[in-house]
Amino acid sequence: MTKYVFVTGGVVSSLGKGIAAASLGAILESRGIKVTHLKLDPYINVDPGTMSPFQHGEVFVTEDGAETDLDLGHYERFTSARMGKRNNFTTGQIYESVIKKERRGEYLGKTVQVIPHITDEIKQYIKRGAEGAEVAIVEIGGTVGDIESLPFLEAIRQMGIEEGRNSTCFIHLTLIPYIPTAGELKTKPTQHSVKELREIGIQPDILLCRADRPVPADERRKIALFCNVMPEAVIECLDANSIYKIPGQLHDQMLDEIVCHKLNILARAADLSVWENLLRALENPKHTVDIAFVGKYVDLTESYKSLIEAVSHAGMHTESKVKIHYIDSEDIERDGCAVLEKMDAVLVPGGFGKRGTEGKIAAIRFARENKVPYLGICLGMQLAVIEFARNVVGLAGAHSTEFERDTPYPVIGLITEWQDRSGKLEKRTEASDLGGTMRLGAQVCHLVENSLAREVYGVADIVERHRHRYEVNNTLLARLEEKGLRVSGRAPGTDLCEMIELPDHPWFVGCQFHPEFTSNPRKGHPLFTAYVKAALARKAAATSA
């Protein structure tokens with residue numbers, strides 16, 4: 001029978017519940033326990049797929065095509081568990097499901113209410129997402145005290161009773177702020193946060209205290225006394241310069257032991273040697289490399305969370321410190337590409353909308369003409385095709401129909417139909433809804449023999465995750481190929497262009513998919529590792545010249 005760890009947050013948002021939950025999952029997994037994760041988001045959107053990156057940050061895409069919260073990316077990177085549609089749900093999904101049941105008459109004429117109907121639906125979703133795991137770590141989004149979170153908190157309160165004391169554990173992440181004028185840490189916000197949680201009917205078993213400096217033992221004893229938890233269950237979460245230090249930090253304070261004792265689980269000792277080896281590589285780099293990250297959401301780097309982590313993983317596996325330079329593409333439109341001259345490589349990530357695209361195209365042209373290693377992901381590949389069409393093939397005004405409906409050369413256009421991995425035919429038009437209508441999830445890509453892509457991956461067929469509704473226009477592709485563009489990856493059966501490269505360039509690759517979603521610190525990802533190696537080679541050549 002599955003046991004549950006519920007993770008809530010208090011005082012302020014963005015304390016790192018996702019990292020804490022993922023770290024606990026990593027430690028429990030190292031003890032031989034099969035874990036899974038769930039994220040419950042209290043917003044009314046059905047999913048984050050149509051939300052602005054400035055509002056929500058990155059949208060993480062799972063293998064089965066769910067557009068989910070970025071915390072699911074942390075869960076996959078920290079553990080071997082694969083997330084899916086059942087691992088993230090929102091208030092919007094819950095209400096949609098309940099309303100559909102009411103319309104079908106499943107409630108037999110009863111008055112449909114938050115309690116019990118909404119809370120019962122939440123519990124059903126939690127149990128469904130936890131199937132097959134020994135321990136399900138369930139993170140409740142938002143902050144205790146938010147109106148939006150109340151149905152979720154009531155649902156997990158009920159589960160605490162229904163599942164039994166030895167099958168549930170409640171962890172509350174809170175903030176211990178340091179007040180410079182007083183010269184001390186303050187515990188009162190934590191006391192009030194726990195008080196609010198207890199008023200709802202939830203008594204936390206463990207407190208994770210986020211702080212920027214060590215919490216003295218007497219302060220921890222005070223927190224334990226006034227929050228009604230055992231002193232050893234007051235655990236400090238200190239700021240760290242790498243999220244991959246957190247599993248060790250929590251294990252050193254016996255978090256996993258306390259959780260296993262609470263859930264009555266007998267498990268082997270934790271083995272965190274993999275994490276220790278990764279940290280050694282991270283903290284003792286032999287090389288340094290500078291990468292220009294040209295996008296339009298660079299003021300909020302959470303928008304590129306998985307991509308940043310994937311580049312970091314490549315650094316670990318090449319013994320390199322990767323310095324990412326975030327460059328707003330609109331700045332390049334205004335000031336030119338001089339900022340790229342000292343970079344060892346250029347990366348253009350995915351995105352939506354016309355704003356900033358000309359700056360990205362200028363950066364791509366700089367990388368192509370100056371033989372700077374280039375990696376274009378999703379929109380970054382599409383813009384590389386547009387740049388090549390304009391400046392090499394001579395198709396003036398070439399563009400994507402996403403940005404210029406009447407472009408004379410629509411080298412990028414809407415995908416009107418394709419098959420998903422199950423063989424189901426998907427169709428789209430310009431009139432289709434925005435939400436949930438993209439080509440999503442894991443898709444097979446066949447790599448051309450003797451291509452750079454084939455060399456990098458080392459296999460003929462790969463599976464990567466997609467999130468896009470526009471693709472390279474095959475009707476114009478032949479003219480680009482005549483001038484040297486090479487299509488190195490295609491989707492079997494549909495002929496969709498998945499990867500492009502330039503054979504006369506040291507390292508120039510574009511991919512329609514998002515390889516960052518499958519990178520993890522233990523193995524890295526071959527595409528990012530090869531990209532960083534190319535950047536290192538360019539730097540070495542420039543240094544010796």
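Note: Cβ is positioned from N, Cα and C throughout, glycine not excepted.
Per Swiss-Prot, the feature region 'Amidoligase domain' maps to 1-265; the stated evidence is sequence analysis.
Secondary structure from DSSP puts SER13 (CTP binding site) in coil. Taking a C-beta cut-off of under 8 Å and a sequence gap of six or more, SER13 (CTP binding site) has these contacts in its own chain: GLY142, THR143. Summarising the annotation, Swiss-Prot assigns CTP binding site to SER13, ASP146, ILE147, GLU148, LYS186, THR187, LYS188, PRO189, THR190, GLN191, LYS222.
In the shown protein chains, 20 other C-beta atoms lie within 10 A of the C-beta of GLY16 (ATP binding site). The annotation ATP binding site is assigned in Swiss-Prot to SER14, LEU15, GLY16, LYS17, GLY18, ILE19, ASP71.
If you take every residue in the domain 'Glutamine amidotransferase type-1' (290-541) and average the pLDDT, you get 91. What Swiss-Prot lists as domain 'Glutamine amidotransferase type-1' is 290-541.
The L-glutamine binding site annotation in Swiss-Prot covers GLY351, LEU379, GLY380, MET381, GLN382, GLU402, ARG469.
Look at Swiss-Prot and you will find CYS378 tagged as active site, nucleophile. Proximity of CYS378 (active site, nucleophile) to non-local residues of its own chain (separation of 6 or more, Cβ distance below 8 Å) is seen for PRO349, GLY350, GLY351, ARG467, HIS468, CYS511, GLN512, PHE513, HIS514, given in sequence order.
For the recorded site, HIS514 (active site), the DSSP three-state label reads coil. The active site annotation in Swiss-Prot covers HIS514 (among others).
For GLU516 (among others), the entry in Swiss-Prot reads active site. The Cβ of GLU516 (active site) has 27 other Cβ atoms within 10 Å, all protein chains considered.
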Distance from GLU516 (active site) back to LEU379 (L-glutamine binding site), taken between C-alpha atoms, in Å: 14
Position of peak Cβ density within 10 Å, selected from the binding-site residues LYS17, LYS186, ARG469: LYS17
Using Cα positions only, nearest of the binding-site residues to GLN382 (L-glutamine binding site) (LEU15, GLY18, THR190): GLY18
Cβ atoms near GLY351 (L-glutamine binding site) (within 10 Å, other residues, all chains): 21
From GLY16, GLY18, LYS186: binding-site residues whose CA lies within 10 A of GLU402 (L-glutamine binding site): none
